[in-house]
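As structure tokens, the structure follows; a few thoughts come after it.
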Ligand SMILES: Nc1nc2c(ncn2[C@@H]2O[C@H](COP(=O)(O)OP(=O)(O)OP(=O)(O)O)[C@@H](O)[C@H]2O)c(=O)[nH]1
């Protein structure tokens, strides 16, 4: 399928996947807009409460409303209907990614993928590998989640499916040793993107921090000069728990981007807005299904349009 065709397919899935969020969000917001004739404190309060209820997050919701108030004053807007467009534009604006956010997609890079078990980390590694491969990059994957039983086999199945090579050792081996091997192999094979699946044991933050530090040290030493990216994978269906997880990971790792998975079929898509605003880390990819091509770059215009059924 052409890239254009794939993009359309992804958008259709996104629109479809966000239908539950859309139903909840749009219905809630439209109710506020249609329930008030004038813009007053009650209107703002109800709008803010609706955003919070939809997992947009307390801080982000407050910010959005404050920003909206200022714009309304500046532009002398009088009716709730007129302020709907301002609200939508404001949400789009706060989720924009920067131009250099995806440099690792077309330059020599090492991408560390972190996140707790079950969030869709392994699947995301494979989806990224497949995406980079389609972009004509030579990809290598490292199985540095050596802790969870069966993780290596599972990753092997996925990388076979994606048609990319995997560097692995046995279960229980030192993740840093796997990364060392992978750095050597990446250089010997002239690889463009090395993607490392790492373990995410949040219940032992100190160990996790040490492990990630060690991995980073090895990459710095053995594979200098490459672009570094650390993506945290979060399960979009878990709402505020995902946000809490992200806060904890932020303490142990230098996260450069978020991948939100399972946005298909959740009513909690508002979490995308919360994550971006509350953590100050851009959402770079979203997952809307279990197949290899069900991951795409996050596009704030596309996302908010899908969310509001525009
Ligand atoms: N619907 C849907 N399912 C997804 C998505 N991403 C991953 N999954 C599913 O979520 C489940 C967990 O995904 P994994 O990739 O195995 O998760 P993990 O974080 O590596 O977790 P462990 O394998 O337990 O370490 C699998 O059944 C995936 O198919 C997504 O975007 N949408």
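Don't overthink the numbers, they just go from 1 along the chain as shown.
Positions of Cβ are set from backbone N, Cα and C atoms, glycine also.
According to TrEMBL:
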BINDING   115-122, 197-201, 261-264  GTP binding site
DOMAIN    282-295  domain 'SRP54-type proteins GTP-binding'
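Overlay of TrEMBL feature records on the structure.
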| residue | record | contacts (Cβ under 8 Å, 6+ apart) |
| --- | --- | --- |
| 115 | GTP binding site | 121, 124, 200, 232, 233, 234, 245, 249, 259 |
| 118 | GTP binding site | 235 |
| 198 | GTP binding site | 112, 113, 114, 144, 145, 175, 211, 212, 215 |
| 201 | GTP binding site | 116, 147, 207, 208 |
| 263 | GTP binding site | 14, 17, 18, 21, 236, 269, 272, 286, 287, 288 |
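Sequence-distant neighbours of the domain 'SRP54-type proteins GTP-binding' (282-295) (same chain, 6+ residues past either end, Cβ-Cβ under 8 Å): 6, 9-10, 13-14, 17, 95, 97-98, 101-102, 120, 123-124, 126-128, 130-131, 161-162, 231, 236, 257-264, 272, 275-276, 303. Summarising the environment of residue 121 (GTP binding site), the number of other Cβ atoms within 10 Å of its Cβ, over all protein chains shown, is 28.
The average pLDDT for the domain 'SRP54-type proteins GTP-binding' (282-295) in the predicted structure is 93.
Across the domain 'SRP54-type proteins GTP-binding' (282-295), DSSP classifies residues as 0 helix, 6 strand, 8 coil.
DSSP classifies residue 121 (GTP binding site) as helix under the three-state reduction.
Taking a Cβ cut-off of under 6 Å from any atom of ligand 1, the binding-site residues 118, 121, 201 reduce to 118, 121.
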